[in-house]
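Annotated features, as they stand in Swiss-Prot:
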type     : residues               : note
ACT_SITE : Asp70                  : active site
ACT_SITE : Glu135                 : active site, proton acceptor
BINDING  : His68, Asp101, Glu164  : Zn(2+) 1 binding site
BINDING  : Asp101, Glu136, His350 : Zn(2+) 2 binding site
Amino acid sequence: MTDSPVLALAKDLISRQSVTPEDAGCQDVMIERLKALGFEIEVMVFEDTTNFWARRGTEAPLFAFAGHTDVVPAGKLEQWDTHPFEPTIIDGYLHGRGAADMKGSLACMVVAVERFIAENPDHKGSIGFLITSDEEGPFINGTVRVVETLMDRGENIDMCIVGEPSSTEVVGDVVKNGRRGSITGDLTVKGTQGHVAYPHLANNPVHQSLMAIHELATTEWDQGNDYFPPTSFQIPNVSAGTGASNVIPGEFNVQFNLRFSTELSNEVIVQRITETLDKHELDYDLKWTFNGDPFLTDTGALLDAVVAAVDEVNSTKPALLTTGGTSDGRFIARMGGQVVELGPVNATIHKVNECVKVDDLEKLTDMYENTLKHLLAK
């Protein structure tokens, strides 16, 4: 039996070992297909990362698909039922690294656009593709750099679907119409090292910090809103001491992260945490990593089109959620346009035996194509 166009393309992409930041030729495959549709292609290589921007049309609105060709490492091969880079169908599921996150989505995007343009060669507006090989890694030279390049020349995306695996039980049951912001602090509290038997000759930074850390951990940062839960403060890593039981440490290192709603900003978080540490008279260094601002698409033509497109395939409307981690949508949202995430079921992403239901790929392709029809068909 011959594979469908979307299944054949998904298999081709999965077979390429594109572990971050490698692309392994995935983008060349997509570019060849898009060139045949009349897209103008701009390859953007930054350091070790390969990206491309493709556009068909010059008029507004500019609708874009965004995604990534890179995947996380497969881990121990012996734990997989099949080779992670040899796509295999088992009981109606396509197995392979990237099947759900997110080479399946990429295949659906390309085939959906091929079908849409075949029926609508003179469509309204413009269609774009923003593809990177740096989403699973440090996200330094990927989507963010492409977005900066486009913004510098005044080329802003009006509407964007990011193909991240948003679904939970059934493809299309969840659309992410926003994401929380993320900020990480690396705090080093300074003390004076000494012998535990002579505490008066030392200054224990752990003891000095406990009240401040407790205050930060129990602070109510906000109450959230209709779209976001309250801001979360979590401590993932702490370290101090030499490993010896008789040495008071000279430094105490605490790493913390906040996932925050649109009720807060990076600036407010930095100010409040700095004020708390200063109030407790700590001697400290604090380095910040700004991972992304929160974004929200609560209304607009894109959201209406995506909800309708999912309903036409599933006969039920998707839930609109902002849960989960960050995605490249946070960078695209800087352009001021509407951004949503719609992709496969996420139950097996980053796991051994990652897989996606073959029928879900066909349904997702229909959802993407229907969205295009709602937005750009004349």
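Glycine residues also receive a Cβ, built from the backbone N, Cα and C atoms like all the rest.
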In the same chain, outside Asp101, Glu136, His350, whose C-beta lies within 8 angstroms of the Cβ mean position for the Zn(2+) 2 site? Val71, Val72, Gly98, Met102, Ile349
If we check Cα distances from Asp70 (active site), which of the binding-site residues Asp101, Glu136, Glu164, His350 wins as closest? Glu136
Please report the number of other Cβ atoms within 10 Å of the Cβ of His68 (Zn(2+) 1 binding site). 32
Hey, which of the recorded positions Asp70, Asp101, Glu136, Glu164 is the loneliest by Cβ count within 10 Å? Glu136
Within the same chain, and leaving aside His68, Asp101, Glu164, name every residue whose CB is within 8 angstroms of the centroid of the CB atoms belonging to the recorded Zn(2+) 1 site, in sequence order. Gly67, Met102, Ser105, Glu135, Glu136, Val162, Gly163, Pro165, Ser327, Gly343, Ile349
Quick check: of the recorded positions listed here (His68, Asp101, Glu135, Glu164), which one has the Cα closest to that of His350 (Zn(2+) 2 binding site)? Asp101
Measuring Cα to Cα, how many Å separate Glu136 (Zn(2+) 2 binding site) from Glu164 (Zn(2+) 1 binding site)? 11
Where does Asp101 (Zn(2+) 1 binding site) sit by DSSP, helix, strand or coil? helix
Do me a favour and check the Cα-Cα span between Asp101 (Zn(2+) 1 binding site) and Glu135 (active site, proton acceptor); whole Å is fine. 10
Checking the recorded positions Glu135, His350 for other Cβ atoms within 10 Å of each Cβ, the smallest tally belongs to His350
Using DSSP and collapsing to three states, where does Asp70 (active site) fall: helix, strand or coil? coil
C-alpha of Glu164 (Zn(2+) 1 binding site) to C-alpha of the residue listed as 'active site, proton acceptor': distance in Å? 10
